[in-house]
Amino acid sequence: GGELGDDVFVPADEFDNGFVVPKHSRLTQRFHTAFLQISSPVRMWIFFTLCNFLNYIDRGAFAGSLTAIDDDFDLTSSQMGMLGASFMMGYMLFAPLFGHLSRKYRPAALMCIGLAIWCLATLGTAISFNFWTLIIARAVSGIGEASFIGLAPTYIDDIAPPKHHSTWLAVFFSMIPIGAATGYGVAGIFSQFSSWRWTFAFEALIVAPIALSCWFIPYSEEVLYHVGRKPKPRDIPINQEKLTFLQSLQMLFGNLRYDVIVLGYSAVVFVAGALYFWAPGYVMEELDLSVATADIGIGILTVFCGLVGTAFGGWLVDRLGGTNFVAAAVCVFFSTTSFVLAFIGFLVNNAIAFFVLMALAELMIFAITSPVNILCLNVVEVENRSFSITMQIFFIHLLGDFPSPFIVGAIADHTGSLRTAMIFCCMWMLYAILFFGLSLFVIRAHAANTKQIATNSSVEIQELAM
């Protein structure tokens with residue numbers, strides 16, 4: 001490295017962790033250097049958190065605009081469901097691709113391109129003239145968002161202070177419920193004064209300059225050196241960018257720690273997706289509450305629990321030491337308590353008792369978010385982190401909230417009881433407890449094996465020295 005001052009731009013050949021900054025064009029380099037001079041870990045963290053907030057405003061705004069969209073296009077319930085599914089398909093399928101490409105291309109450039117696509121798709125939503133143009137716009141919107149959500153957590157993990165990794169990621173992920181709730185509100189405000197289309201046109205206008213600025217974001221290594229900190233060492237040889245997509249998948253599937261964590265979280269997302277979709281209907285059908293009470297009650301509960309639970313989970317992991325074993329133990333505790341609380345909640349017939357138990361259960365479910373993402377970042381090679389997050393996104397939706405609303409609905413139809421279906425949904429959390437519990441043993445065994453290898457290497461070095 002060399003000495004670093006506040007105004008020093010670190011040349012590419014001064015990085016001592018095996019990383020080299022690619023050459024830029026003269027114009028790009030000028031903006032890139034200027035961006036670096038005003039960058040700091042805290043500012044970059046705030047920037048990415050804001051981007052995540054805006055992404056989820058779009059999701060909430062679209063959900064909040066469905067009634068107005070239906071009035072314009074006269075959609076069936078199936079068609080409205082297809083709109084949500086089209087976004088999820090674009091999001092699920094392209095997230096792993098962006099994660100893989102981040103090895104070969106600058107992550108900031110990929111985020112810029114992705115957010116630019118997202119802006120165009122959002123504008124396409126605003127000007128759509130029939131169901132098919134709308135469904136294409138939503139699918140492309142999912143593709144654009146996929147570029148950001150898998151790459152930003154890795155960047156935050158790089159720049160976060162050593163003792164606050166989980167907390168920083170927790171704040172980032174807490175924008176999911178806050179953004180979605182804000183989106184509902186924004187859609188409601190626009191619907192009072194103008195067409196639902198202006199909601200999405202305004203979104204595109206706001207995000208466009210943010211997307212452009214992503215092009216000039218410095219590498220995390222540059223930001224850390226700029227403030228006098230050293231980046232993480234690189235684990236994979238320099239030819240790692242030559243790995244094919246299938247080879248990258250093989251590396252992840254061969255990592256038992258990663259596999260059991262993703263399977264555990266998929267079970268959590270299965271339950272969460274079904275709860276989010278069916279809870280309002282359950283409250284109306286089984287507890288005889290009005291539509292307004294059900295929607296408002298579940299909405300407030302979800303936003304509050306999402307914000308507090310996500311932040312609390314990350315804070316607790318940092319507070320207890322921040323190790324992989326601690327994060328896995330926290331996941332076991334929260335999944336177990338959420339199962340017990342939700343199970344009891346669907347047995348009671350009192351509305352107040354139900355909402356209290358559901359609030360506590362959702363609090364525990366959201367508290368799993370940060371520990372799981374920390375684990376997915378920590379148990380893989382440094383260069384494989386973005387790909388690990390994007391593949392996690394793919395599998396938790398494929399095995400989680402993508403099929404769960406349909407499965408729970410089918411059980412309700414077959415049994416004639418939504419309560420029975422929701423109790424079945426709660427039982428699915430047992431898979432999460434099982435896999436998170438298994439992760440404790442796998443993580444401990446891996447740590448012991450790593451320690452033994454290090455001890456053997458130390459002994460060999462001492463013997464050679466003698």
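A Cβ is built for glycine as well, from the same backbone N, Cα and C atoms used for every other residue.
Caution: TrEMBL annotation is automatic and unverified by curators.
Summarised as a single figure, the pLDDT of the domain 'Major facilitator superfamily (MFS) profile' (44-450) averages 87. Per TrEMBL, domain 'Major facilitator superfamily (MFS) profile' is recorded for 44-450.
The transmembrane segment annotation in TrEMBL covers 80-101 (among others).
Residues or ranges marked as transmembrane segment in TrEMBL: 108-129 (among others). Listed by sequence, the residues of this chain that lie at least six past the ends of the transmembrane segment (108-129) yet keep a Cβ under 8 A from its Cβ atoms are 51, 55, 58, 62, 98, 101-102, 136-138, 140-141, 143-148, 151-152, 197-201, 203-204, 207-208, 210-212, 214-219.
Among the features that TrEMBL reports, transmembrane segment is placed at 135-156 (among others). Using a Cβ-Cβ cut-off under 8 Å and counting only residues 6 or more beyond its ends in the same chain, the transmembrane segment (135-156) has close neighbours at 44-45, 48, 51-52, 55, 58, 62, 82-84, 86-99, 102, 107, 110-111, 113-122, 124-125, 128, 168-169, 172, 220, 373, 377, 385-387, 389-390, 393.
Away from its own ends, the transmembrane segment (168-190) comes close to residues 45, 48-49, 52-65, 68, 152-153, 156-157, 160-161, 196, 198-199, 202, 299, 302-303, 305-307, 310-315, 366, 369-370, 373-374 of its chain (Cβ-Cβ under 8 Å, at least six residues beyond either end). As annotated by TrEMBL, transmembrane segment applies to 168-190 (among others).
The transmembrane segment annotation in TrEMBL covers 196-217 (among others).
According to TrEMBL, the feature transmembrane segment maps to 260-279 (among others). A Cβ distance under 8 Å defines the sequence-distant neighbours of the transmembrane segment (260-279), meaning residues of its chain 6+ beyond its ends; these are 294, 298, 302, 328, 331, 335, 338, 342, 358, 362, 365, 368, 372, 375-376, 379, 391-392, 395-405, 407-409, 412, 418, 421-422, 425-426, 428-436, 438-439, 442.
What TrEMBL records for 291-317 (among others) is transmembrane segment. Away from its own ends, the transmembrane segment (291-317) comes close to residues 166-171, 173-174, 176-178, 180-181, 184, 276, 279-281, 283-284, 326-327, 330, 334, 355, 358-359, 362-371, 374 of its chain (Cβ-Cβ under 8 Å, at least six residues beyond either end).
The transmembrane segment annotation in TrEMBL covers 324-346 (among others).
Per TrEMBL, transmembrane segment is recorded for 352-380 (among others).
Here TrEMBL flags 392-412 (among others) as transmembrane segment.
Annotation comment: TrEMBL describes 418-443 (among others) as transmembrane segment. Note on the transmembrane segment (418-443): residues 256-257, 260-261, 263-265, 267-268, 270-271, 274-275, 278, 281-282, 285-286, 324-325, 328-329, 331-332, 335-336, 338-339, 342-343, 346-347, 375, 379, 404, 408-409, 411-412 of its chain, located 6 or more positions outside it, place their CB under 8 angstroms from a CB of the stretch.
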